[in-house]
Every structure is written in C-alpha cells, then in structure tokens.
C-alpha cells in the first residue's frame, strides 16, 4: 500500500506542478463523483427501509467472529443425512469430535447465530447505537443485547474473534476524526486565484461549512440507524469478510462508493497540494522565517515549485508511516493551532479597537472568536495532551525565532498593540492612588554626559545602573545637548541611537530621552521635571562626579552640578553620585571577595542599605560582604546601639555586619547624632507600648522610610 500511495502522490504532485488550471478541471470531475456517491448513500438508506441488503455476520454468544477463518456460521452441518462438524467447530475444538476435552469452554456454553449487519433504517437499532462503547486494545467486539454465558474461554482462541486494535476513547476518536472536517481554510489558501477574494471567501466558506455539516450529521444518523454497532466498530471488516459496509448499503452499486471515495481522496489531496505550497510560498516571500526563503521562488508564472516539492515530501512521510491513527492526531494539532490563532487574532483586534481592524465581513463578535479559540484549545488537549504540548512548544519556538530575527511587514505585529493597551491600562491603574511603601524601588534617571562626538563619556554609569536592575524598577537614560532644537534635531537622533547602542551593550533595559536646551543645566532640569509618565516616574537621580571643573575654561562650569543637586532636592528625589565610576567593575568581572561598606551617618530611611542589597543580587557583587557603619559619641552605649541595629537589619532580612564607630563631639554635629539614634529611641517606644511583633516590624520599616 505504501507503493500505491507513493505512486498516486507522485501523479497528483505532477498535476499540481503542471498548473492550477488543470487542478480546477479535475476538481469538477471529482466533485461530481463525490456528489453521486453521497446521493447513493442516501438512496441506499431509504431502500433499506423496505428491502435491507443481506450482510451476514456470525456471532458466538454475543461475540463477533472473524469471517475469514470459516465458510459456514454453524457448529454442525448435515451432509447426506449425516451430522458432521463444521470448520468452525474444528477451529474451537481442534478436531471434529465434540466430546474432545480440548473444546473451548465458551464455544460449548454458547450458541452460534447469524444476523444481518445492515438490518435497515426500520429495524430500530438506532436506540442501541446512541450510546458510546469504547474498547481497550485486544477487547472482543460484543453485541450488547444478546445473552451469553459468562465463561471466559481460552486465550488461545482469541484470534478467531474480531478484536479492537487500539484503545479507544472520546479523546482518541476526536483526534482521528477531526482532520476530515478541516477544509474550511481551503478558500483562503487559494485567495490569490480568486477574482474577488474578499467577497468570495466569506460566502463560499460559510456555505461549505453549512453543507458539509448537514452531510456529516445526516450520514452519522443514517449509519447508526441502518448498521449494527459491532459492524461500525469493526475497523478492518473482519466480521464481514473485508466487504465495504457503506458500499453494501449504497444503491445501486458498491462501485459508486469505491469510485467516489477514490476521487474524493484525490480531490482532497489535490486541494492540499495546491493550497499548502502557496501558503508556504507566501510565508517565504514575506521573509518571516529566513531559512524558508528558498521556497519563495517558483516558476515564471508564480507557481510554487520548491514549496510543492517540500509539501510532497512531507506528505510522503505520512504515507510511509501508513497508520491513520498515528498521523491523524498530529494533523489535528496543527489544524487546531491554526484555527486557534485565527480566532485569537480576531478577538484581540476587536477588543483593542485598533484603527487598522476594518473587516469587510461585519457579522462577528469578539466573544464568538474567544469561544472558538477556547474550543480549539480544549480539543487539542482532549484529543492528545502530549501532542498539544509539543505543537504549542513548536509554535512558541517559531514565534520567538521570528521575533529574534526581527521580521516585520507592513501589516505589523498584533502583540505590540496588545502590549500598548496593557501598558495604558497599567499606567491608569497606577494613577488611582499613591504607591505603597512595600512597593518602593529605585526608579533611576541616569544623567549621561556626551563628548563632542556625541559618544557616552562615562559608560560605566550604565554598567552600574544595570547592576542595580534587581530592583526591577524603571530606568531612564537622559542626556542634554546645548543648542537649538530646530537646528540640532539630527544630533538628537544620533545621540539617541548612540545611547541605545550603549544600553544594549551594557544590557540596560529602559528608555532613552535626549533633550536640547540653551544651557546644559536647563536641559537637565527639564529631564528631572518631565521624565516618566504618570505613576512610572523616576524617584532617584544618578549622575557622575564632576571632574576637571577646576581646569575648565568656563569659570562657572561647576554650577551645572550644583544646579542638578538643587533641582533633585527640590523635586524630593534621591540622589546618587558614583565617584571614580570609571574604576567600577564591568558586567564581565567577578568579585570573589571584598566588602560593600555603608556609612550610615544620617538616618536616610534605609535607602543606603537597600542599594547595596540590590547590588549583591547581581553576579558581579554576589560574593561581597555587606558592612554597615554607624556613628556614636564617646559616652553613648555603643554595644546597645550595635545590638539594636543588628535586630533592625534582621527584621529587614538584610544580611550585613554591623560596626559602631565612636567619635568625639567635635567630629559630629548634634543633628547627626540625633538622627542616628532615632531608630533606637523609636524601638524603645514600641516596646513600651507593647505592640505585637508584626506591628513592630511595620512601624520599624515605616520609621526607616521617614
């Protein structure tokens, strides 16, 4: 059969290769044969009401016997008035002698009966066939309404019965049957050959679905009303000597069904060999998947020669497998995946209300598309959950590959529209109230200085910002250019691209903002005031330590740094000024040992402890130890302060060493001393009012934010 299948596949591929116009000519002939075969089934079903065909099957008790092993459905027969054993008896007893002890117990305990496999539509067997009868592999096909002995019989005689070759269930049968109803995209796949595709595809597709659905439903009911259940479940026709059940039921001749089935199969094959290569060629021409680019080429008239060759090779794999039960679930997965994404795209575009979503077919609703998507997803897991996972994994890999290659067409990417709507919704939610203390994280505005060639002067600022990304906060890289915006727009674009390239090198995920102002400090002030959007605004400003201001020709060059500090203070933002940032480690270095020292002289709310903690989450600083230094006067209880600070860090779940440095009054001011000891005094007050541990932890953290 593999040889015959390969020959017919080669012939069909040759017809498609010659040209689509020949496929259309053959299609009319094939369609006529299919219609005649369908009409013959309806005619045969009507005829079976008055004159059902004789289609005998042999039962032993309620078990169905394989008809290929014997010629007479009886235990004995009369020859010349002499009762002799039949071949069936010899098969179950090993000889023609009933008294032999080798006879099968089930054979001796049950009678043999012969019934019609097609009793006709008036027989009333529809009520028996309404209920499902799933079988395990190697189960015997049994007729439910016939009494039989409960004797099991010999296992060595099982080959004489009709057995189930696979374990069946609703999910397995859905996966096998579904590929027969997957032609709804045939018109879309050949849209390039239609005169008015926008009008023809909706009308043709809907009419095709309605027609085929009526035929499928009606034939299922007719088969259930005319044919015995054991015959319907006899996959290879063992009980009826390999005869065609539907061919026997049809009128006027079984050959109508044979010819119709053959041409129907050829028509479906030609349709697939015509549509699939064109779809593959369109994908290749769009350059969505670069390694498929070769399949975008074809003949001078546009016929997809290379795509047809690949399609034929894939079809040949199915022929070589030679098992419909294995191939059908795989086909179902990819058809369902296709329909799932079509429904998903329609639902998402409708919900997003994107201006470019203007379908000509107006009778649709997003809920219907979402329902279709859900049904497709459910059917994928119902038919075969492991195939479904593999198909989804393949689809995900292809999507990420396309995303990695950066393929974009003029019709855009719907995921970006979804991301835009989600971002808008999230920003509006952030506006509903002030951020909670537990959600605080450093949202950085990194102010970069550019040289005369618009290159980043201190790229390690970006490196340091990327090493703080454990906070998962906002990062905005800003820079100011002196000049007039109308004249400096090109410089802005060049600087923006330079900064983005540097951000990619340093693996900084964030946004870039370059402004033009008459003075640099004015541009920096604009950045501090206006960067961010809604609730996504920076709360920390990072700028480099000023170098060379003493040697600058401009005697007021220092004023830029001072004004930046003042603007940051006026905006109530935190300020970070990394000194000697050029000596900071790159992302490729590793500190195997060392300390991160924090001098907690003025109680700043805990930010000085949070930043080293975030640094330690990065691989560069992961091995470093964190040390907290605080200041006390000579006559203070340094031991108690160290103990209280250690408890405070424990409650904050920060692993650090604590050191208390004692200084004279002349070295520190009273204000610094007072602010440093505020934590100890507040902890003592909380113990006095006897708050619970949870409340003390919350109050301690709130005090650290003051």
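For all residues, glycine too, the Cβ spot is worked out from N, Cα and C.
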Of 30-50, 51-71, the range TrEMBL labels transmembrane segment: 30-50
Stated TrEMBL location of transmembrane segment, expressed as one of 125-151, 206-232, 395-421: 206-232
TrEMBL annotation of transmembrane segment - which of the ranges 273-290, 363-380, 435-452 it falls on: 363-380
Residue counts (helix, strand, coil, in that order) that DSSP gives for the domain 'SLC12A transporter C-terminal' (592-666): 24 helix, 22 strand, 29 coil
Cβ-based contact of the transmembrane segment (306-324) with the transmembrane segment (363-380), 3 or more pairs under 8 Å: no
Contact yes or no, the transmembrane segment (206-232) and the transmembrane segment (363-380), 3+ Cβ pairs under 8 Å, gap 6+: no
Feature contact check the transmembrane segment (363-380) with the transmembrane segment (30-50), CB under 8 Å, 3 or more pairs: no
Long-range neighbours of the transmembrane segment (158-185), counting only residues six or more past its ends (CB under 8 A): 60, 63-66, 69, 91-92, 132, 134-141, 205, 208-209, 212, 216, 230, 233-236, 238-239, 268, 271, 275, 324-325, 328-329, 331-332, 335-336, 338-339, 379, 382-384, 387
Reported mean pLDDT - the domain 'SLC12A transporter C-terminal' (592-666): 83
